[in-house]
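Colleague: So TrEMBL lists the following for this protein:
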- 52-74: transmembrane segment (TRANSMEM)
- 128-147: transmembrane segment (TRANSMEM)
- 159-175: transmembrane segment (TRANSMEM)
- 195-214: transmembrane segment (TRANSMEM)
- 221-239: transmembrane segment (TRANSMEM)
- 259-278: transmembrane segment (TRANSMEM)
- 290-310: transmembrane segment (TRANSMEM)
- 322-342: transmembrane segment (TRANSMEM)
Amino acid sequence: MLEMSATPTSVSLNTMANITPTIAAVTGNTTMNGTDIIVPSRMPREADSNSVNFYIGLTLAILSTIFIGASFVIKKKALIKLSQYGTRAGEGGYGYLKEWLWWAGFFSLGFGETFNFAAYAFAPATLVTPLGALSVLVSAVMSSYFLRERLNLHGKIGCMLSILGSTVMVIHAPAEAEVTNLNTLSQMLIEPAFITYGVIVVIISLVLIFYYGPKYGKTNILIYIAICSMIGSLSVMACKGLGLSLKQTFGGDNQLTNLLTWFLLASLVACVTVQMNYLNRALDIFNTSIVTPIYYVFFTTFVISASAILYKEWELMTPKDIIGTLSGFLTIVFGIFLLHAFKDVNFSLSNLPTFMRRDEPKEIHLSNGSTTSLLQDPPSEEEVVR
């Protein structure tokens with residue numbers, strides 16, 4: 001830090017011309033009096049403010065994953081309780097609306113989504129979105145304790161990989177371009193790069209919805225997931241802009257009369273509606289253990305891309321941080337894959353020696369009570385039923 005005393009120091013005009021820009025950049029204030037320059041020794045506080053916002057956003061994102069992950073377990077617990085004496089929700093029953101435990105899970109989900117919404121106002125989307133994978137981890141761990149769902153060795157390794165990947169992403173998270181008001185955001189929204197991205201996303205989504213969806217949606221898992229992921233990336237950008245509007249409003253600068261605020265709100269509602277519609281279709285047709293990891297990868301990839309184009313977060317990162325962020329993301333992907341892909345395999349440290357032997361068939365116990373061998377083809381669905 002360049003620091004000068006309060007006593008005026010006489011310097012030549014050439015020297016002053018050389019050092020004044022440097023001092024101005026560091027302190028933000030210079031005073032010229034002939035050939036004298038007086039500079040108070042103080043440092044700017046923008047970096048401190050950005051650091052505080054980053055940790056506020058990080059804390060909100062972590063709280064969001066905890067509440068959202070817990071909500072699935074709480075509501076599942078309520079539905080199991082209701083299934084013993086009432087019509088199940090899957091059969092059209094609505095008895096869960098009278099169960100206080102289900103409402104506890106509902107409000108837990110509401111708190112989680114609120115924290116997630118607020119996190120986008122303080123931290124980069126490149127950080128907040130990937131951390132959403134931790135809700136899967138929270139749900140898996142709590143299910144093993146409260147729902148007696150077994151978490152095998154693959155699941156435990158997957159949980160550790162998800163935590164490790166999230167930690168790496170936090171360490172290498174990009175600094176976000178300074179956007180302090182909606183006026184700045186409005187200029188960024190009309191830049192050619194982001195408009196091009198938005199138009200491409202909308203066109204591809206419409207083609208998938210009206211042409212490929214009706215033909216291949218029930219057989220190709222990527223159709224519906226691609227739709228909700230691409231539209232979901234726009235919903236995150238609208239959510240982040242709306243959070244900025246509310247943050248500015250609560251700070252004393254009312255933005256409720258700004259048309260951009262209502263445009264962002266309308267865009268958010270429209271995008272979330274489409275996103276949830278096609279995500280539910282994918283979950284209804286395909287196995288959840290397959291949909292969840294694929295959707296996470298697609299959704300996070302599109303969000304990171306949209307955020308990089310709109311907020312130019314990657315331009316502020318060093319090559320080391322870029323590699324670290326991508327490595328953390330891929331580590332989370334592998335962790336989620338292990339957590340879901342092998343959840344029905346009864347594999348633990350106690351039977352690891354059996355899996356290590358090569359001279360005898362190794363049986364895998366599935367969740368439906370049947371067994372299959374690694375040395376023969378797994379039984380078909382008809383054989384399992386018989």
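Each residue, glycine too, has its Cβ placed from N, Cα and C.
What you are looking at is a predicted structure, and each value in this text was computed from that prediction instead of being measured.
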Colleague: Does the transmembrane segment (290-310) reach the transmembrane segment (322-342), going by 3 or more CB pairs under 8 Å (6 or more apart in sequence)?
Modeller: yes
Colleague: Using a threshold of three or more Cβ pairs below 8 Å, and leaving out pairs closer than 6 in sequence, do the transmembrane segment (221-239) and the transmembrane segment (195-214) count as in contact?
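Modeller: They are in contact.
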Colleague: Do any residues of this chain, six or more beyond the ends of the transmembrane segment (159-175), have a C-beta under 8 angstroms from a C-beta of it, and if so which?
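Modeller: For the transmembrane segment (159-175), the nonlocal Cβ contacts are 50, 54, 58, 123-124, 126-127, 130-131, 133-134, 136-137, 140-141, 151, 313-314, 316-317, 320-325, 327-336, 338-339.
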Colleague: Could you tell me what the rest of the chain brings near the transmembrane segment (128-147), counting residues at least six beyond its ends with Cβ under 8 Å?
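Modeller: Cβ under 8 Å, 6 or more out: 57-58, 61-62, 64-66, 68-70, 72-73, 76-77, 80, 112, 116, 119-120, 155, 158-159, 162-163, 165-166, 169-170, 236, 292, 296, 299-300, 303-304, 307, 328-329, 332, 335-336, 339.
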